[in-house]
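J.: Quick one: the structure is below, questions incoming.
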Amino acid sequence: MIKPKRSLLQRLFKLEEHGTTVRTELIASFTTFITMVYVIFVNPQILGAAGMDMKAVFVTTALITAVGCILMGFIANLPIAVAPGMGINAYFAYVLVAGMGLAWQTGMTIVFLGAVGFFLLSIFRVRYWMVSNIPLSLRIGIGSGCGLLIALIGLHNAGIIVANPDTMVTIGNVKSIPFALGSLGFLLIAVLAYRGLHAAVLISFAVVTFIGWLLGDVQYKGVLSVPPDISPVVGQLDLSGALNMTLAGIIISVMLINLFESSGTLIAVTDKAGLADEKGCYPNQQKSLCIDSLSSVGGAFMGTSAVTAYIESTSGVVVGGRTGLMAVGVGVLFLLAIFFSPLAEMVPAYATAGALIYIGVLMMSDLTRIDWNDLTESVPAFVATVMMPFSFTITEGIAAGFVVYSFMKLGTGRWREVSACTAVMTLLFLGRYIFL
């Protein structure tokens, strides 16, 4: 029997081999886009606090996100979206500029140089060697920690968990619209997903946003807008100010933050998509690492801070995204967002909160793969898992996990199980805490 001719997209992204369809990939694209579109609104706010032109940053954020996602999709064929990192931009604005008193141009140059170092580690396969040799228990802990962190963000966005000076955190106002609709969104996703509906997340977004509009909490802001001039932030680097020996440690710190936040996310997403093997290796891994790091260099040059892989990619994986077509779709949507920013702004944070919380549920499931009777494996996994949400950074969770893993193996006489990669990474993390 003659097989029907496959479409260009099916051949290009190997959809049949990955058990997916164009429709599923496009649904995954839209789901991921809606989940992470907040970056083009939050990033300008954070960088604006450092004195940068917010409107220009809005456009460059969307542009570099689009380019990075499209490259990831076409070259690496992976369902991974990249965008300016929320950790790096906060470090830039509140530590380098506000804390150290540097000009934003100097601070952005530090981020740029750190990204260049990150790229060099990637093209010379040092990063590949490091990522491919992370112990299984730590990989699971990293993935679960990412899940808890993203769930915490969702709970906060919905006002379900709020800050409290006496108890650190507490329950929010149960009568508020964000609390009610955020909770509804999560429960709606869970019920629809149980019934096998792949569009559960999309339906939740639409229902919650529509109800918010009916209640007067979501405002219609038009459809189209003209992109502003981006020259005030593009290429505004101060190499003479950043190439200072006193700032060398800061540059290395930025490089390490980018390295481990992005690598941790790549591990978590590929594991959840079923693309990674027991050693954490996945198809086109080296390509994805180079694209990810090259986008980071481009992001800093464009004035958006360094780019990283986004854990929100998991939302697309959850609804069936398995190939680079999902990433390309996300990139195209971010390009369109430059012109349709009023519509993108309509989706409230609590509309995406349910999806973020649900991702946490899914990513915690891998903890069952850990041998909890072996404390040298379970304790490091536990530490990596809980440190991410409690420190609110992926990097600190990874660092704590590696240090505890090596200590447990050495302390129990099982030091031969500590690979050269694990030992090197442990020493790097210890050095970061001691000297930086």
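Each residue, glycine too, has its Cβ placed from N, Cα and C.
Because the structure is a prediction, the values reported are computed rather than measured.
Annotated transmembrane segment per TrEMBL: 21-41, 56-76, 88-104, 110-128, 140-164, 176-194, 247-269, 289-311, 323-340, 347-367, 379-405, 417-435 (among others), in sequence order.
What's the neighbourhood like for these features in this structure?
T.: Sequence-distant contacts of the transmembrane segment (21-41) (same chain, six or more residues past either end, CB-CB distance under 8 Å): 7, 9-10, 13, 15, 58, 61-62, 65, 79, 81, 83-84, 86, 198-199, 201-202, 205, 310, 312-313, 315-323, 325-330, 332-334, 337, 341, 344-345, 347, 349, 352, 355-356.
If one looks beyond the transmembrane segment (88-104) by at least 6 residues along the same chain, the residues whose Cβ comes under 8 Å of a Cβ in the stretch are 43, 46-47, 49-52, 110-111, 238, 241, 250, 254, 257-258, 261, 304-306, 308.
Outside the transmembrane segment (110-128) by six or more residues, the chain places 88, 92, 96, 102, 237, 242, 247, 250-255, 257-259, 263, 285-286, 289-290, 292-294, 296-297, 299-301, 305-307 with a CB less than 8 A from a CB of the stretch.
For the transmembrane segment (247-269), the residues of the chain that approach it from at least six positions outside its boundaries are 79-80, 85, 87-88, 91, 96, 110-111, 113-115, 117-118, 121, 127, 130-131, 134, 139, 142-143, 145-147, 276, 280, 288-289, 292-293, 296, 306, 308-311, 313-314, 317, 363, 393-395, 397-399, 428, 432, 435-436, judged by C-beta separation under 8 angstroms.
Sequence-distant contacts of the transmembrane segment (289-311) (same chain, at least 6 residues past either end, Cβ-Cβ under 8 Å): 36, 39, 43, 47, 52, 56-57, 60-61, 63-65, 67-68, 71-72, 75-76, 80-85, 87-89, 92, 108, 111-112, 114-116, 118-119, 121-123, 127-128, 131, 146, 149-150, 230, 233-237, 254, 258, 261-263, 265-266, 268-269, 359, 394.
Panel annotation: around the transmembrane segment (323-340), residues 9, 12-15, 18, 20, 22, 25-26, 28-30, 32-33, 36-37, 40, 59, 62-63, 65-70, 72-81, 83, 223-227, 313, 316 of the same chain, lying at least six beyond its termini, place a Cβ under 8 Å from a Cβ of the stretch.
Within the same chain, residues 31, 34-35, 37-38, 140, 143-144, 146-148, 150-155, 157-160, 177-179, 181-190, 193, 201, 204-205, 208-209, 212, 217-218, 268, 271-272, 311-312, 314-315, 318, 381, 385 sit at least 6 positions outside the transmembrane segment (347-367) and bring their C-beta atoms closer than 8 Å to a C-beta of that stretch.
Within the chain carrying the transmembrane segment (379-405), a Cβ under 8 angstroms from the stretch's Cβ atoms is held by residues 87, 135, 137-138, 140-142, 144-146, 148-149, 151-152, 256-257, 260-261, 263-265, 311, 367, 370, 418, 422, 425-426, 429-430, 432-433, all 6 or more beyond its ends.
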J.: Within the same chain, where does the transmembrane segment (56-76) have neighbours whose Cβ lies under 8 angstroms from its own Cβ atoms, ignoring anything closer than 6 residues to its ends? I mean 6 or more beyond.
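T.: Contacts with the transmembrane segment (56-76): 12-13, 39-41, 43-44, 47-48, 82-84, 227-234, 284, 287-288, 291-292, 294-295, 298-299, 302-304, 307, 323-332, 334-335, 337-338, 341.
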J.: Are there residues at least six beyond either end of the transmembrane segment (417-435) with Cβ under 8 Å to its Cβ atoms? List them, or say none.
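T.: Distal contacts: 129-130, 132-135, 249, 252-253, 256, 376, 398-399, 402-403, 405-406, 409-410.
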